[in-house]
Amino acid sequence: MNDKVALSPEAQAGSHCPPAKYETLYRHSLEDSDGFWRDQARRIDWVREPSVIGNWSFDPVDIKWYEDGVLNLCYNCVDRHLPARADQKALIWEGDEPGVVRSLTYAELHGQVVRMAHCLKAAGVSRGDRVTLYLPMILEAAVAMLACARIGAVHSVVFGGFSPDALRGRIEDCESRFVITADGGMRGGKLVPLKANVDAALEDGPRVDAVLVIRHLGNEVASTGRDIWYDPEAWADAGELPCEPMGAEDPLFILYTSGSTGKPKGVLHTTGGYAVWTAATFHFVFDYREGEIFWCTADVGWVTGHSYIVYGPLANGATTLMYEGVPNHPDFGRFWDMIDRHQVNIFYTAPTAIRALMREGDDPVKAHNRASLRLLGSVGEPINPEAWRWYHQVVGDGRCPIVDTWWQTETGGIMITTLPGAHDMKPGSAGLPFFGVVPELVDAEGVVLPGAASGNLCITRSWPGQMRTVYGDHERFVQTYFSTYKGKYFTGDGCRRDEDGFYWITGRVDDVLNVSGHRLGTAEVESALVSHPLVAEAAVVGYPHDIKGQGIYCYVTLLAGEEPSNGLEQALRQHVRKEIGPIATPDHLQFTPALPKTRSGKIMRRILRKIAHNEHDALGDTSTLADPSLVDSLIEGRRNP
Ligand code: PRX
């Protein structure tokens, strides 16, 4: 499947980056990194321009970009566009029900952000304070992020699908004293009780000073003394509220993400480098042209929503569409219907959505005309060539280039992708490194693998959008990313590089699952399972899943004297949903009298993974197991995923 799909002449016409320019810019970005990133920093308006550009080391780990620069990212996303774009739409929002639409021009966005910033200040939020956002996909989510950035507060957005317990952990970890939520959100016709979840998270838990509640659905919710009902009208006459001048290395946001061990990490991004990285990647990768409508279907609770619904598009003065709901509500034509109604030019979604829509056949797509589409994007997990071809041929009518963008919460923005206009595409390959990115493949011992090879993916040089630390635990940052291969950033992904230098991401090589593009640690699901009173031990592995990419397969042992039953299986599923959220719901649960362990007591996950994958003939050496006979009973008890 190494065959290339050539770019059409239409795709190349007017591109920001034809092939020769990519070569020149990529070389420049490596040979004169400071010069290159000084040029790119001109995409941003600085209060004080930086004189120092990159100042970083991976051993010891200390990363700074533009350190003496001063800027405000809200100013860059909103205020500076007012002279030229006051009446241009900045954000368009469509609710869960088709046709329920609101939008904000840049002037209106400015007004809304200033009002919310006033309200936050009046509630006691100061520069540097952490503010937790637990919101549906509504305009106010973007407004709240920008309002935090305006006053120098650090937002921590928690995906609205996380449970109260998961929310509580994330509020506690960053000692956030403020929460912004809404009465509720709608997804696929179902109400998500966000405010009630916040109340549950705060019960006997962290003490917060205020919960700002946005009225979105008007559903009945309980009130507590710490609630402030947000009324933008109350701040209509409060006047301008200037943007706080921030140091380039001042924190912009924290976003929790799962790792292979322990509780989720608070990934910290700072202001200047992230601003330049998201602005530059948005410009080049989506080849954004003046006046176009850009739609990224992610949720603002994930990094994709941060970088490519809010900061990247708005820094570029683009019009960005936000959608509250899900791809199949009220039917499987929803995305294509919205593309037509909003005349979307650039569409950015996840392989799991593409696969789910592909399963419904071509008719729901072909019922809509999609003529406005110019470019398609994919993010979040490897896209299988079959889904890629369907996306290209059916959704894009063979006209639109696809950018398959590889990146991570930690990288702040896109790292590996083809550029429209510059490169032919290979279905299933993310493509080539973005400017300034130097990927390296290494084997398990850290030996660098040149040329066409498969190995573990590292990045050898810093880039401006790189995370700076794990909030409150710098040592964990160093250990997680820089200790496996000293002096290199280790991504946790396996990867193949082919003879043309294209990168093919093969998936995580650590104990992180990618379920429908959502990152989950096996350890998180295991600790949710063992927190159930009847469970003794649990081991969780991923297995290939047609739609989700990976499914969650759980092996569970019960306390002595307890018997497996369908009822208990259901109860355990519910328990995991309650502990983490619906995205972590186990797909398969297998009760087993014991887990396969070595004589020293280490669980042999390799064997569990093989059994879940149905690769019973490839179990490898089982002689080191304390009880080799267990393998047969595990195979016998295997559930058919
Ligand atoms: O395994 C890679 C996969 O998603 C992981 C990062 O997840 P997260 O931090 O949640 O960010 C997702 C959105 C940027 C990576 O380590 N991944 C992401 N994009 C791709 C991908 N795998 C293959 N191809 C991609 N385009």
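Glycine is no exception: its Cβ is also placed from the backbone N, Cα and C atoms.
Worth saying up front: this structure is predicted, and the values here are computed from it rather than measured.
Feature annotation from TrEMBL assigns domain 'Acetyl-coenzyme A synthetase N-terminal' to 22-77. As annotated by TrEMBL, domain 'AMP-dependent synthetase/ligase' applies to 84-462. What TrEMBL lists as ATP binding site is G380, E381, P382, D404, T405, W406, W407, Q408, T409, D493, R508, R519. Residues or ranges marked as domain 'AMP-binding enzyme C-terminal' by TrEMBL: 524-602. Annotation comment: TrEMBL describes V530, H532, V535 as Mg(2+) binding site. Under the heading N6-acetyllysine, TrEMBL lists K602.
Mapped onto DSSP classes, the domain 'AMP-binding enzyme C-terminal' (524-602) shows 24 helix, 27 strand, 28 coil. If you take the Cα of T405 (ATP binding site) and the Cα of V535 (Mg(2+) binding site), they are about 40 angstrom apart, rounded to a whole number.
Within the set G380, E381, P382, D404, T405, W406, W407, Q408, T409, D493, R508, R519 that the record links to ATP, no two Cα atoms are more than 18 Å apart, and one pair reaches that distance. Same-chain residues that are not part of V530, H532, V535 yet have a Cβ within 8 Å of the Cβ center of the Mg(2+) site turn out to be A528, L529, S531, P533, L534, A536, A538, V556, L572, H575.
Comparing CA positions across the recorded positions P382, W407, T409, R508, K602, the one lying closest to V530 (Mg(2+) binding site) turns out to be K602. The least crowded of the recorded positions R508, H532, K602, judged by other CB atoms within 10 A of its own CB, is K602. Residue counts of the domain 'Acetyl-coenzyme A synthetase N-terminal' (22-77) by helix, strand and coil are 26 helix, 13 strand, 17 coil (DSSP-based). With a cut-off of under 6 Å between the Cβ and any atom of ligand 1, the binding-site residues G380, R508, V530 reduce to G380, R508.
Non-local contacts of W407 (ATP binding site) by the CB criterion (under 8 A, 6+ apart in sequence, same chain) comprise V379, G413, I414, M415, I416.
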